């Protein structure tokens, strides 16, 4: 007798989530205790893919958005300036975020690299992202430990994106997703942290 539950074909199995490496970003983290600020310096990025439909791909116009999260809630958001038509942008831009030291060990830092299409104002696509925090692994966890031990240094991070099948609203574009309906896609800063 054949066990039918063992005969499930590969095509019937649920697809596993997969990440695709789309480039690298160099940044430095530092906490400034006298100022009560987290300093994130975005230096440069490399090897981003061209964007757009097949046959008309062009270098992206990227910017970097840094979000500080506490228990899943966005405390602060900041973004760099947008660099025009380059796969290897140099930002050299500090982002300073007011943050009490007693909250520092409880936050996660989410970094998104976003393409802003200049022709169609307000149209954005996520190139990729990564997160630095206590639950991260690899280089992200090592950088988190540097921050907690007050050892500021610059580190390269791999920028990842989910495959097309895992991102809603990508319309088949190489791992890019639209930000038109994503909360926090504007350059406006939301402050949800309140001092007691």
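The backbone N, Cα and C atoms fix where each Cβ goes, glycine too.
TrEMBL tags one of the stretches 137-166, 167-196 as region 'Disordered', and that stretch is 167-196. Using DSSP to sort the residues of the domain 'C2' (21-157) gives these counts of helix, strand and coil: 15 helix, 74 strand, 48 coil.
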